Amino acid sequence: MSDSTLSGGLGVSTAADWFSLLKPRVMSLVVFTGAIGLIVAPTHINPVLAFTAILCIALAAGASGAINMWYDADIDAVMHRTASRPIPAGRITANDALGYGIVLSAISVLLMAMATNLLAAALLALSIFYYVFIYTMWLKRSTPQNIVIGGAAGAFPPVIGWAAATGHVSLLPVLLFTIVFFWTPPHFWSLSLFASGDYERAGVPMLPVIKGPRHTRLNVMVYSVLLLPIALSPYLFGLCGLFYGATALVLSVVFCYYCWRVLTDQQDPQGHSLTNNAPARAAFKYSILYLFILFGACAVDRFI
Ligand code: HEM
Ligand SMILES: CC(C)=CCC/C(C)=C/CC/C(C)=C/COP(=O)(O)OP(=O)(O)O
């Protein structure tokens, strides 16, 4: 426990506040995809080192989340969804969060280098750099394509997991990267359809704010269709078996259906939802289930 002061007032931070700076719920899926990258790699790695590598991915993802919250404290304070986070609520100072993020980032990269290899550590450092500098500091506030380009940061973990186990990168982890890359737009733009008021208030140029809901719905649909063959590609390239292929097909067709519901949601003439964005909320929830099951199937496929 520690006392923290922000210009707005005095707050007392709890361990839960420090934990929440790591964005644990979002990061759980990031860490899961990283763990799967490690598990499906052909090389056997000592279980203690494997656990350490996964811990490093979790630490790095969390640390970059804390640095993101330091940088974004101004917009987080304006958005309803984020206003109660520890920095805007005044329970942790922005500087403390920055120091925490930097220290954890350094520990994660050094520990990864010691426990596994330099390639995994370098990729881990690159993903922190990408999320903090490319997405958070540069793209997020400057272009509605922010999450397409910036989303690459969240796609690195399976490659890092694979590299930690093998010391190199090959086709399967690259395909897993590509899956997360094409999954991110329908995941985030579904959410942005029902959270666009927040982004508009904060002046963040997310797609629905700049191009409107109709254009965003179309993009959600297009990316879900593009994702279908990409999700199937590990099977089509012979790197995963029929179990994975069938799971990917069913999951992806269902995802396309959810996105179709987003596209054809009842709308007013400006394209605003008349159903409180029920289809977009459903597609967002499903997107998370989709990636968990798809990556889970990839691992199961290796062992059957
Ligand atoms: C630039 C890319 C991305 C953006 C902008 C984004 C944005 C968001 C936002 C704003 C939320 C709502 C979080 C909240 O209310 O606290 C969310 C939820 C979530 N995201 Fe993403 N996301 C991105 C990529 C990813 C990636 C790559 C993953 C994992 C591989 C992921 C996993 C999740 C999960 C699991 C949740 C649900 C958290 C919960 O249960 O509250 N996201 N995302
Ligand atoms: C290993 C490693 C470093 C992985 C990086 C993980 C990563 C980049 C995840 C991206 C997902 C994410 C938290 C987006 C939040 O966007 P936002 O910051 O705009 O969301 P917010 O409005 O909730 O702050």
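For all residues, glycine too, the Cβ spot is worked out from N, Cα and C.
Residues or ranges marked as transmembrane segment by TrEMBL: 26-45 (among others).
According to TrEMBL, the feature transmembrane segment maps to 51-71 (among others).
Positions annotated as transmembrane segment by TrEMBL: 92-112 (among others).
Marked as transmembrane segment by TrEMBL: 118-139 (among others).
Sequence annotations record features per position, and here TrEMBL assigns transmembrane segment to 146-165 (among others).
The transmembrane segment annotation in TrEMBL covers 171-197 (among others). Long-range contacts of the transmembrane segment (171-197) within the same chain: residues 33, 36-37, 40-41, 79, 81, 147-148, 151-152, 154-159, 161-163, 206-209, 213, 216-217, 219-220, 223-224, 226-227, 230-231, 233-234, 237, 239-240, 255, 259, 262, 273, 276-277, 280-281, 283-284, 287-288, 290-291, 294-295, 298, each at least 6 residues beyond the stretch ends and with a Cβ under 8 Å from a Cβ of the stretch.
Summarising the annotation, TrEMBL assigns transmembrane segment to 218-237 (among others).
Note on the transmembrane segment (243-263): residues 186, 190, 193, 217-218, 220-221, 223-225, 227-228, 231-232, 234-236, 279-280, 282-283, 286-287, 290, 293-294, 297-298, 300-301, 304 of its chain, located 6 or more positions outside it, place their CB under 8 angstroms from a CB of the stretch. What TrEMBL records for 243-263 (among others) is transmembrane segment.
The transmembrane segment feature in TrEMBL is assigned to 283-303 (among others). When Cβ-Cβ distances below 8 Å are used as the criterion, the transmembrane segment (283-303) is approached by residues 29, 32-33, 36, 39-40, 158, 176, 179-180, 183, 186-187, 190-191, 194, 220, 231, 234, 240-241, 243-244, 247-248, 251-252, 254-255, 258-259, 261-262 of the same chain, each at least six residues removed from its ends.
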If one takes Cβ-Cβ under 8 Å and requires six or more residues beyond its ends, the residues near the transmembrane segment (92-112) are 2, 4-6, 11, 13, 17-18, 21, 52-53, 55-57, 59-60, 62-67, 69-70, 73, 86, 120-121, 124-125, 128, 164
